[in-house]
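Peer 1: One structure is given below, represented as structure tokens, and several questions about it will come after.
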Amino acid sequence: MYTEYKRIKMNVVVFALNVAAVVVWCAPRRCEPGDEILGRCRASDEARCTDMMLGYCDDMPYTRTIFPNLLDHRSREEAEAGAEYLLLSVVQSLLKGECTPDVRMLGCSVLAPRCERDRALKPCRSSCEAVQRSCAHAFEAIEMAWPYFLDCDRFFVSHEEGCYDPLEGLREKEEAVLASVSPEEPGTIIQFIYHTNAQMINILKKTAAMCPDIASTYSIGRSVEGKELLVIEFSSNPGQHELLEPEVKLIGNMHGNEVLGRQLLIYLAQYLCSEYLLGNQRVQALVKTTRIHILTSMNPDGYELASSEVEGSNDPDSEEGPWYNGWITGRANAQNLDLNRNFPDLTSIVYSRRRTRRYRTNRIPIPDSYWSGKVAPETYAVMKWIRSIPFVISASLHGGELVVSYPFDFSRHPLEHKVLSPTPDEQIFKQLARTYADAHTTMASNETDRCGASFASKGGITNGAEWYSFAGGMADFNYLHTNCFEITVELGCDKYPVEEDLYTGWRDNKEALLSFMESVHRGIKGIVKDEYGNGIKGASISVRGIRHDITTAEGGDYWRLLTPGIHILTASAPGYTRMMKKIYLPARMQKAGRVDFVLKMAILEPDVDYFNPPAMGTYDRFDPFNQFERYTRSELGVNGEERQEKPWWWAYFAQSGNSVPTWLLRNY
């Protein structure tokens, strides 16, 4: 029995030794130099945590990494030779210091991932998404695509999968800095300096990225020299029109050498975003109830030319700082067109037909003859813009005087250049102008020094044609072609004030800008519907005694600015019966009154007397000969593909000797 037991035990031992021998024989051999290239072994089979050796990643919140990394680089040398690491080494200079070290550290978490127990840990997707939200605009500003290796869904994981925050150390430093800031310091910090076109675009996109829930940017076109006409909008639901939410636009730098308005609108965008986040109740209420569009520069080409005339910027002995040595340099666009004389002259049409029975001054079509002249791409872009959005009020910021002017800007007596030429909405325009002037710190004051003209007796406002007459202005076009009531704000005597005066300009105009935007909530608003509850687009809202109608937007909603008092309203639309209502607006009413209409279907005879000028085309006839299609069409190559010149930063990578990172090219 004992002998049998020893024999079985010996067999078990022999079997165990055989198994062990097989395991040892089949185990992968240790990689010697050159073995991996010959396919004899894989270095990844021997992956071990190793010390962090990448120079641009030495400030990560960990000291151990692993290869292969998340991009399958097998060694530190291979990672350093890649275009990904090259990008991290130059990203600070490319982005001019913005979003660094955030982007660099995020990239390091992929190139040199954290290692624990000989296993690579992936960084958190939430960290990646936060950086992308706040930094994507910086890449867009230099026309660079978001790097593929920072794809939040591909290389980053959720907290449930055991991720880590690669920016942990950076967050701790930021919290320490914030803790040291005195609570008495102002919440919104604005740098009162001039900005180049590139800096302006960058700031707008950065601001939108800081407030993604209430802000976004979009382009309405490009200038003659190809500069983007970028708009930033603020709304509780940016990107789309909300029923009964009024739309406001602010336009700066229409004349390229009148620059204070451009800077004020940049500051305003920063202010709205920052104050909203800080809980400013007034700003939050404004943004939640209003859709605000800000075009900081309508003439970036002219601004660039005017800026080249600024002298003293680099003179250390200059006590005055930079100053503008011209009055008209940069005023026009790159085609030498004055943009505020380049819109269709609809005012002359109104004057020629003002005695026509039942004549109205709204939705005047653009004459086909207009398109045979020189139409600037900036003008074309703005016309398409204001036709596509139901703006209610607008302000265009200029310089050279201290006054608010309102339409009409073209005199009703062509031979007389200083004649009061009121619109049917004279009282509304006066109210809008006074709202701005009275809220300005000095514009309505009798003690304010003026720039040549005297508007103190009028409270700092004037009818445009009574000041001086010109045709083809943007304010007249807004009123006669759309529902929008636009005023022109002259911000001061200096077209290009010294940089030290920018804060003063902001202080003088901040309250006026806010009050003007809030004034859109005056008068009445409502929805015109059919019997089935569907909104009626294009219905007319008429006010007895005012020969200017307002038309409803896509969903049947409308806004009608009115002064306090009793008004008789009529809603009408082709194919429906008319409906009339009498309303009373109290003098102290703080918000727009709600007046809805329900129209019944009817077959109506056409009204031959209704104002419809012959041989003028229709309202929808815009750019009938497609002469200006190039303003909104990409330039195509020989085979129809979009032509794309390499951006300036391409030289950083093309000369490196590595494979060129085409993944950084947008639209590649």
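Note that the numbers count up from 1, one per residue, in the order the chain is shown.
The backbone N, Cα and C atoms fix where each Cβ goes, glycine too.
Heads up, TrEMBL stuff is auto-annotated, nobody curated it.
Worth saying up front: this structure is predicted, and the values here are computed from it rather than measured.
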Peer 1: What is the disulfide partner of CYS128 among CYS99, CYS108, CYS115, CYS152, as given in TrEMBL?
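Peer 2: Recorded disulfide partner of CYS128 in TrEMBL: CYS152.
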Peer 1: With DSSP, how much of the domain 'FZ' (44-166) is helix, how much strand and how much coil, in residues?
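Peer 2: Helix, strand and coil residues of the domain 'FZ' (44-166) number 56 helix, 15 strand, 52 coil.
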Peer 1: Going by a 10 angstroms cut-off between Cβ atoms, which of the recorded positions CYS128, CYS152, GLU490 has the sparsest surroundings?
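Peer 2: Counting other Cβ atoms within 10 Å of each of the recorded positions CYS128, CYS152, GLU490, the minimum falls on CYS152.
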Peer 1: Measuring Cα to Cα, how many Å separate CYS128 (disulfide bond) from GLU490 (active site, proton donor/acceptor)?
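Peer 2: That comes out at 45 Å between the alpha carbons.
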Peer 1: Measuring Cα to Cα, how far is GLU490 (active site, proton donor/acceptor) from CYS152 (disulfide bond) in Å?
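Peer 2: Here the two Cα atoms are 48 Å apart.
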Peer 1: Looking only at the domain 'FZ' (44-166), what is the mean pLDDT?
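Peer 2: Summarising the domain 'FZ' (44-166) by its mean pLDDT gives 88.
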